[in-house]
Ligand SMILES: O=P(O)(O)OC[C@H]1O[C@@H](O)[C@H](O)[C@@H](O)[C@@H]1O
């Protein structure tokens, strides 16, 4: 509009994207969609800590004991596990991306897909000197976090090998999503039944999931292999179904620490395991290998849809096919 001074300071806020301070003065980005849904992203870890629907209801679990202080990763939301999932390598558990300070990517390369979203932020991570000592590879990790007009949350990771000496590198990866649920014992996960999994509680031994949808009554820590691109988490008490859509991420981790492990974690409330479930879109069994100049893309799309589930009346195919 004429007469209005254009803001020159970067980054500049808009009705859709606001740059502000969060817990302990950490930089935070608020994404808002016109119908009322929102998300919060900390630059520390490129960590999504909140995702709310257009009624303002929180959809992600964030521990009341979460520590917003480096080098600890934030407990809850969506930590990024890169370049290593879990203890599968020489790095610290889940790699270093979740406890590094990311920066705003002001000039991201164009996105091939056309999104209608105006509420998005582009972040970038490049290795520090210390990272290069522990993991001697050059990379650029670009992450776009976007809220769709209907409130869907979309995370797109683009990781490029920028080694100049012709060296390839391999990594494992996960979007470690903590979903907020009314009661973990009442939740069902559909889309993983009959698949093979590695059980982290039994030395990563391989088993095949039997029977029906997954339900939970004790600690679970499983890596499901070659999973479908859609997984549903059905919370009948809340009458809500989360649909996880993923691309480039063949595996899916399901984790809940249950009571004993919950008590052993300093940044997790003793009873909080009753209200959370991690379903993590991942690439673990077959590490991703990139030659110099190559780029990998891994995309996660989360939606929360109202569901009127009554036990025994649900056709899993209908949830997964979205009809
Ligand atoms: O405490 P962290 O490092 O955030 O990890 C939490 C859990 O993350 C899960 O992804 C792993 O499968 C579990 O084994 C692990 O305990």
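Cβ coordinates come from backbone N, Cα and C, glycine included.
Keep in mind that this is a model prediction, so the values were computed, not measured.
According to TrEMBL, the feature substrate binding site maps to 75, 93, 98. Sequence-distant neighbours of residue 93 (substrate binding site) (same chain, 6+ residues apart, CB-CB distance under 8 A): 86, 87.
DSSP assigns residue 176 (active site) to coil in the three-state reduction, outside any helix or strand. Note on residue 176 (active site): other Cβ atoms within 10 Å of its Cβ, all shown chains, come to 23. Residues or ranges marked as active site by TrEMBL: 176 (among others).
A strand conformation is recorded for residue 280 (active site) in the three-state DSSP classification. Residues or ranges marked as active site in TrEMBL: 280 (among others).
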Find the one among the recorded positions 75, 98, 280 whose C-alpha lies closest to that of residue 176 (active site). 280
Taking all protein chains shown into account, the Cβ-based neighbour count within 10 Å for residue 75 (substrate binding site) is 23
Quick check for the class: what is the C-alpha distance, in angstrom and rounded, between residue 98 (substrate binding site) and residue 280 (active site)? 14
Once DSSP output is merged into helix, strand and coil, residue 75 (substrate binding site) belongs to coil
Using Cβ-Cβ distances, find the residues under 8 Å from residue 280 (active site) that belong to the same chain and are at least 6 apart in sequence, listing them in sequence order. 81, 174, 175, 176, 177, 252, 253, 254, 255
Other than its own, how many Cβ atoms are within 10 Å of the Cβ belonging to residue 98 (substrate binding site)? 22
